[in-house]
Amino acid sequence: MAPMADSSVDDLKNDVKRLEQRIAELESRLAGHGGVAAATESVRMILMGPPGAGKGTQAPRIKEKFCACHLATGDMLRAQVAAKTPLGREAKKIMDAGGLVSDEIMVNMIKTELENNQECARGFILDGFPRTVTQAEKLDGMLAATKKPLQHAVELQIDDGLLVSRITGRLVHPASGRSYHKIFNPPKAPMTDDVTGEPLIQRSDDNAETLKKRLSTYHAQTAPVVAYYQKTGIWKPIDASQEPGQVWKSLLKIFDDKAMVAGRSGSLLNKIGLKN
């Protein structure tokens with residue numbers, strides 16, 4: 001095999017140098033405060049966790065980092081009904097009759113949102129769906145057909161007893177879903193949303209007795225779904241009993257594949273003898 005010309009080696013070294021600079025830029029963006037991700041990065045994930053685990057706190061941060069859409073399926077369903085879309089009208093008929101909205105309607109609502117919501121171009125955070133293995137399978141089928149498979153299924157885990165103390169002090173901004181806590185994460189001004197200045201509310205079902213029933217239902221539903229995503233290899237747990245900043249750092253570690261990228265880069269450079 002003929003040796004490479006000096007000019008070819010120099011060109012290759014320059015390419016490698018540019019690659020290393022690009023990797024360093026990406027690492028810098030992902031480190032520290034977890035600023036906005038590079039334009040080539042996207043996120044496609046499910047954010048799981050019992051009520052009060054912190055989904056309403058972390059989802060907006062993920063959305064901001066990736067410029068993605070946050071699809072809280074309960075809010076999305078209510079919006080479709082209010083807008084009287086075809087899917088919304090169909091769902092309203094079912095709910096008015098006391099029935100449960102079918103998996104097909106929910107998956108189609110998500111599909112419609114992904115196709116028409118410009119915020120979803122850089123990815124999505126699904127919150128509140130799927131709740132069953134059947135729903136997970138149908139969601140995966142739809143996403144596979146649109147060539148947008150899930151990358152992460154992150155579960156925020158926390159002790160039920162701690163949740164009770166958390167939720168009984170929870171405050172919510174109805175329009176955005178942003179959540180606060182009277183003690184652990186208070187708004188800057190009492191009972192006022194930090195972003196809009198609009199009033200916060202305390203949900204009527206945020207009481208200990210109701211919460212215990214909701215938690216029992218959540219655990220019964222979620223265990224099989226967690227097992228499903230464990231098998232696919234995309235499930236990751238996070239200790240949600242930590243303060244919100246630490247939970248965010250744990251999320252960044254999941255999103256950050258810089259160690260793998262850097263490792264592969266270094267290995268390649270060593271193999272071709274261009275890294276001293």
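Every residue number used here counts from 1 along the chain in the order it is shown.
Using the three backbone atoms N, Cα and C, a Cβ is placed for every residue, glycine included.
What Swiss-Prot records for the ATP site is Gly52, Ala53, Gly54, Lys55, Gly56, Thr57, Ser179, Tyr180, Gln242, and among Arg44, Arg170 the residue it adds there is Arg170.
Note on Arg170 (ATP binding site): other Cβ atoms within 10 Å of its Cβ, all shown chains, come to 21. For the region 'LID' (169-206), the residues of the chain that approach it from at least six positions outside its boundaries are 52, 56-57, 59-60, 70, 72, 75, 214, 243-244, judged by C-beta separation under 8 angstroms.
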